[in-house]
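Below is one structure, written out as structure tokens; comments come after it.
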Amino acid sequence: MKILFLACLRAHTGNSTTALRIKDHLEAAGHTCVLKDAAILESSEVETLISQEKFNAGLIIQLYKAGRFLMGNRIPFGAIFGGTDINEDVKNEEKCRVMGAVLEEARFVVAFTHKIKELAATKWPHAKHKIHIQPQGILTKPSKSFDYEAFLQNAGIRHKSGHLHLYVLICGLRRVKDPLYLAEMFAKWHEKEPNVYLAIIGPMVDPVFTKEVENKLEEIDGVYLIKEIPQSDLQAVIKRSFALVNSSLSEGMSAAILEAMDLEVPVLARDIPGNSAIIKHEDTGLLFSTPQEFVQLSKRLMTEPELKRRIVSNAKRYVNSNHSWELERDTYQTLILNLQVNGNI
């Protein structure tokens, strides 16, 4: 099949990473898969694309932002829930209506978690039978040639050899990711313990908010903003870090958290539904509800080696069992067959 795949493709963000991985799964099964950025498309462009390029199937990530472009375009399509669908867009009446119409037309829908399926089935009961649960598959390949010391030096992070505790927070710079949530508390901690640093790594998604972040970080020490870097380099940074941090206001399923688990790096995450769906507190990671609690838990991680060992070991086992890249590949290669002309769910 020739598949038109629509997703919001901001570089080095979760959606982009997920889309590229699924595209690879489909092409491995012999399909032609053309990935387009839904963030910059117009409806008329999609109609022209479908007719000129002779696509016979479609796939989308995010029901509203991408799904609306395939409605009524006469090609069968499948859909994948994004975190924004359930956490944000569902609160808007018009967006919610469009999402319901997309679900009506979609041959199949994928949810990353049972919770997302439950929320969707409650909102759109007519689509319950179409929703398949497939957690994100994780495959990490950290760069072996990455120069970590040069990376730290370029970021302005000065440290004594062997004494650095680097925390990394990976996100596209937008308000929902709340990257400044821990900034002031972390700066106070850094003042007392100069070997702790927080690196916020990611692309400028919201220019206005990015400027706010830059201005804030100019006022404090110990917290650094670093532009996005290639995926393999980013994974090399995670692997050398003391812990990965997530402070988002809402999440679908954070690929960065799962990658850290796979790389055997402990995770400290804000206690929100998207994070607690994949982290069991003090078992596969640590969940915090306030900046003060984050520091308390971080200190425990530093002083209780058995806690760190248990979390890292259990998290690695969890990822291997529940986020298999091979199982994800099998799922999408099977589901996509529902888009053949006479395919049924």
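Placement of Cβ uses the backbone N, Cα and C atoms for every residue, glycine included.
These figures come from a predicted structure and were not determined experimentally.
Per Swiss-Prot, the residue annotated N-linked glycosylation site among Asn15, Asn246 is Asn246. Looking only at other Cβ atoms within 10 Å, the busiest spot among the glycosylation sites Asn246, Asn322 turns out to be Asn246.
The secondary structure of Asn246 (N-linked glycosylation site), as reduced to three states from DSSP, is extended strand. In the three-state DSSP scheme, Asn322 (N-linked glycosylation site) is classed as helix.
Long-range contacts of the signal peptide (1-19) within the same chain: residues 26, 31-39, 41, 46, 49-50, 53-62, 65-67, 69-70, 75, 80, 82-83, 136, 172, 202-203, 205, 228-231, 234, 252, 254-256, 336, 339-340, each at least 6 residues beyond the stretch ends and with a Cβ under 8 Å from a Cβ of the stretch.
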